[in-house]
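Chemist: According to Swiss-Prot, the protein has these features:
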- 1-20: compositional bias 'Basic residues' (COMPBIAS)
- 1-390: region 'Disordered' (REGION)
- 21-64: compositional bias 'Basic and acidic residues' (COMPBIAS)
- 71-108: compositional bias 'Basic and acidic residues' (COMPBIAS)
- 126-137: compositional bias 'Polar residues' (COMPBIAS)
- 138-186: compositional bias 'Basic and acidic residues' (COMPBIAS)
- 202-221: compositional bias 'Polar residues' (COMPBIAS)
- 264-295: compositional bias 'Basic and acidic residues' (COMPBIAS)
- 298-308: compositional bias 'Polar residues' (COMPBIAS)
- 310-330: compositional bias 'Basic and acidic residues' (COMPBIAS)
- 331-347: compositional bias 'Polar residues' (COMPBIAS)
- 348-362: compositional bias 'Basic and acidic residues' (COMPBIAS)
- 366-390: compositional bias 'Polar residues' (COMPBIAS)
- 410-430: transmembrane segment (TRANSMEM)
- His504: active site, charge relay system (ACT_SITE)
- Asp534: active site, charge relay system (ACT_SITE)
- Ser619: active site, charge relay system (ACT_SITE)
- 680-733: domain 'PDZ' (DOMAIN)
Amino acid sequence: MDIGKKHVIPKSQYRRKRREFFHNEDREENLNQHQDKQNIDNTTLKKAEKQIHKDSIDKHERFKNSLSSHLEQRNRDVNENKAEESKSNQDSKSAYNRDHYLTDDVSKKQNSLDSVDQDTEKSKYYEQNSEATLSTKSTDKVESSDMRKLSPDKNKVGHEEQHVLSKPSEHDKETRIDFESSRTDSDSSMQTEKIKKDSSDGNESSNLKSEVISDKSNTVPKLSESDDEVNNQKPLTLPEEQKLKRQQSQNEQTKTYTYGDSEQNDKSNHENDLSHHTPSKSDDKDNVMREDHIVDNNPDNDINTPSLSKIDDDRKLDEKIHVEDKHKQNADSSETVGYQSQSSVSHRSTEKRNMAINDHHKLNGQKLNTKTSANNNQKKATSKLNKGRATNNNYSDILKKFWMMYWPKLVILMGIIILIVILNAIFNNVNKNDRMNDNNDADAQKYTTTMKNANNTVKSVVTVENETSKDSSLPKDKASQDEVGSGVVYKKSGDTLYIVTNAHVVGDKENQKITFSNNKSVVGKVLGKDKWSDLAVVKATSSDSSVKEIAIGDSNNLVLGEPILVVGNPLGVDFKGTVTEGIISGLNRNVLIDFDKDNKYDMLMKAFQIDASVNPGNSGGAVVNREGKLIGVVAAKISMPNVENMSFAIPVNEVQKIVKDLETKGKIDYPDVGVKMKNIASLNSFERQAVKLPGKVKNGVVVDQVDNNGLADQSSLKKGDVITELDGKLLEDDLRFRQIIFSHKDDLKSITAKIYRDGKEKEINIKLK
């Protein structure tokens, strides 16, 4: 809301202040009308004061002028108030000291009033005898009776006025006034209210004023002059009105303390009261600064909104007191009051004022302590909050400065980190893919090699069937096992094929039917066979180029757990070319073989163990390594309940030695020592005693028969000798004896034997040729 002079306040705030201003003026007008009516009834005044502020247009104009002047003065002193903030604290301390001084001054005044009371008692006797005093007292009684009739209404009005004045406005509830800066003003207002209460007691208030007035003719003209000055003064602004109110309160307080001293003191106080209606510029400035300091120090108050209701209440109170003083002085000029009654009323009113001042000082002291502690706590909380905000601001400023100084480097660093993370993820993904590809390639290569070796081996493995006569007396299942087997083409010379198979596969037949992987068949001839090694060689002719000879490996370098493939023809031609996979389960196994199926073991075969699946028809099949090279020939398997995948193959190095002799000689020449033997484990106790065998001997053989002129006879070996070791090897039974002797078929050198003869141990050399 624009109120002129470049002052703008909110419209709602303007309306609220205007409403309060008009309410206060209406209340003041009603009060003045009531007072004028009372004065007319009491014939103390000849005419009532004229009504003021009756025109609503003048009200609006005066309110705007007063508010704009106050805001202009306040805005002009805002900067000065900041500089005077420290000074205001000192003023509060001085105000506190001034309160103590006023308390001492009141006590002094009380002493002076006591002395005046004593003088009054002395003059009491003289006044009783004075006729003039009697006439005055009679007149006083008549007029005081009239005043008592009006006193109830006056007291009632006084209470109503006090209630209206003490009622706080909405703006007063929101505004907090600094107690230190307005301490003196509040003291003066409290004392003035006490005087008002005393003045509402009818004749007592009028007698109080008449006590300090000695010359009626001099007093009445002065009061009329003061009335004219008040009526002729120009409208005051809000700061000026507040300044005037405070000065009047201070002067009234000073006058109250000086009642009863002398007539001259009363006149001087009255003149000072009238002279103080014109404020000085310096005092006006101090009051304005104090008022602005009160408004500025209140955090809940709007900086552009003064406490109008409070100012109007104070101004109204001052004007009311001033009007009452005029009424009382006019009443005193028209009445004659006895000195005795005046002094007694003055003494009672003085006591009331002193009690009110003491109570007010105590209350102000308590409020001062409470206000001071509250201000200190508020300052501490505000300082802590400001420190916290300053710390947060400092941190944010440091971060901003750091970012502004180094943001290019930080951006580059973040970019490098992100690039490293991305490259690392890419490389890890590539490496992972490479490893997966390598694994896949390795698996594919392994699978491809295995399949390649299997396909090549299949081309070298054939089906071998002997030509068993139709009138064979063998059982059908027995004949089928002997008649069908597998063979391996270990050598190819032109169209001639050399096939190795098992001796028990070819049996006693010379001709064998050979069927290739492409289902073509030829007839092969048995070149030789050896039952002790269970190997045979078949020769066949074929121009089929699909038949390949197998690559030969080395059985001396076998490794336990090495992967192997077994290729054969289980159950005959229908399942030819079957490939099974396994590993080498054992090395250097001694396997008992029963060739003639008489339930007696005939040979102790040296072989290696495999776990690949071997079925009837796989005999004579090929065992190849991962490179597809032949490392053994399938010879036997254990067929027992609850036994699976325990098969045996003859090492390829032993096979090569046997097939070479079978190709050229058709047979194998083994050394023949010319003896018959029994196992020690099969001897009974009588037989052990007969050969005088020591009890510690558990294994070995006993020579049961020696051929004449045989190698054993030539070696001095006799019947009854017990052989426990041969060629440095522990001898378990006769099969082990035959195996050791046959192992020297190629060199035929003499071997050492440890024997027991007639219970005595000795060694002899056995000749093999």
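Heads up, the Cβ atoms here are built off N, Cα and C, so glycines get one too.
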Chemist: Under a three-state reading of DSSP, tell me whether Ser619 (active site, charge relay system) is helix, strand or coil.
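Modeler: Note: Ser619 (active site, charge relay system) is coil by DSSP, not helix or strand.
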Chemist: Please give me the CB contact count at 10 A for Ser619 (active site, charge relay system), counting all chains in the structure.
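Modeler: The answer is 29 other Cβ atoms.
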Chemist: Judged by the number of other CB atoms within 10 angstroms, which among His504, Asp534 is the least packed of the active-site residues?
Modeler: His504
Chemist: Measuring Cα to Cα, how many angstrom lie between Asp534 (active site, charge relay system) and Ser619 (active site, charge relay system)?
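Modeler: Between the Cα atoms of Asp534 (active site, charge relay system) and Ser619 (active site, charge relay system), the distance comes to 10 Å.
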Chemist: About how far apart, in whole Å, are the alpha carbons (Cα) of Ser619 (active site, charge relay system) and His504 (active site, charge relay system)?
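Modeler: Cα-Cα distance, Ser619 (active site, charge relay system) to His504 (active site, charge relay system): 9 Å.
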Chemist: If H, G and I count as helix, E and B as strand, and all else as coil, what does DSSP give for Asp534 (active site, charge relay system)?
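Modeler: The residue in question, Asp534 (active site, charge relay system), is coil (DSSP, three-state).
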Chemist: What are the DSSP helix/strand/coil residue counts across the domain 'PDZ' (680-733)?
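Modeler: Its residues divide into 13 helix, 13 strand, 28 coil.
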Chemist: Limited to the domain 'PDZ' (680-733), I'd like the whole-number average of pLDDT.
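Modeler: Over the domain 'PDZ' (680-733), the predicted model scores a mean pLDDT of 84.
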